[in-house]
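Let me give you the structure first, and then I'll get to my questions.
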């Protein structure tokens with residue numbers, strides 16, 4: 001009989017891969033002048049942020065599906081605002097890249113994400129420069145350069161937009177770790193959208209007003225409610241699917257699913273968008289970059305497991321110390337009850353109110369004195 005939890009896990013993984021690929025292909029179709037012809041990436045991103053923020057507000061405040069975190073003005077100003085700024089920038093630059101380069105080439109450039117994240121982490125002081133990781137990053141970079149050299153429709157503007165978006169996303173991830181985790185805040189997809197989506201919408205308003213609003217007034221832009229509603233709904237569903245996948249799988253499974261998704265997306269994009277052609281040099285370069293990414297993922301997972309083992313060993317030591325303390329306390333209690341009546345109980349009550357370390361020393365010391373007197 002097939003395990004129900006096993007089936008659900010792989011169902012969520014399938015939904016995640018489907019939604020992730022679908023949102024990217026849908027955005028490309030909407031923005032591309034050859035298809036739906038809505039060449040306004042900032043406007044599309046603002047629609048996503050406005051819709052996600054509204055849904056998150058109803059889930060948190062009206063239906064109370066999740067509770068809001070304890071958010072002060074200081075945390076909002078020092079954490080949420082900068083994270084929202086880089087989140088908005090990464091979406092803006094990433095969506096703008098669809099106007100200039102193919103989906104397949106964008107996915108190949110996204111192999112630089114570990115490189116960008118590692119560099120930002122080193123700059124921010126959350127990671128150390130290590131030889132093994134640096135060599136992996138070098139391998140990924142060489143692979144991306146080879147893949148870019150083999151790109152037939154290479155576009156400098158689109159490549160710069162995509163790479164800038166990657167580094168903005170990497171900085172957002174590092175800032176999330178540095179700022180939010182140090183404050184002790186944990187945001188799930190609903191609460192993160194509740195706080196970050198409205199702020200990102202406000203940040204996007206300024207470039208939209210300067211860059212896209214004049215074009216919307218001059219040119220005739222078609223607006224189909226159902227197209228944009230379904231597009232925003234898919235983007236929102238993707239956030240929730242990531243939450244479900246993280247809750248049911250481990251880091252290795254998610255990373256493998258991400259690699260599988262990239263290959264599927266590259267293959268699908270060449271079918272859906274015939275102008276996206278892939279050369280042999282593209283494949284070779286991406287395969288080299290992918291080897292570096294997989295090695296990097298292996299190192300990171302190994303580091304996580306090593307830290308978990310070390311934390312478990314610390315926990316075991318604490319448990320052993322606690323057992324020793326309890327055993328010595330029991331010995332002292334029996335000795336004091338035999339020799340001094342109820343005096344020992346009052347001493348134990350005093351020790352229980354003291355910190356752990358003095359409590360242990362006092363119990364062990366009394367045990368040794370009791371044994372010595374006997």
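Note that Cβ sites are derived from N, Cα and C of the backbone, with glycine treated the same way.
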In TrEMBL, which of 99-121, 306-328 is labelled transmembrane segment?
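Range annotated as transmembrane segment by TrEMBL: 99-121.
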Quick one: which of 160-180, 349-369 does TrEMBL have down as transmembrane segment?
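Checking TrEMBL against the ranges 160-180, 349-369, the transmembrane segment one is 160-180.
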Count the CB pairs under 8 A between the transmembrane segment (160-180) and each of 7-26, 99-121, 133-154, 192-211, 279-299, then give me the winner.
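Answer, by Cβ pair count: 99-121.
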Can the transmembrane segment (38-63) be said to touch the transmembrane segment (192-211) if we require at least 3 CB pairs below 8 Å and skip pairs under 6 apart in sequence?
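Judged by the Cβ rule, the two regions touch, with the required three close pairs present.
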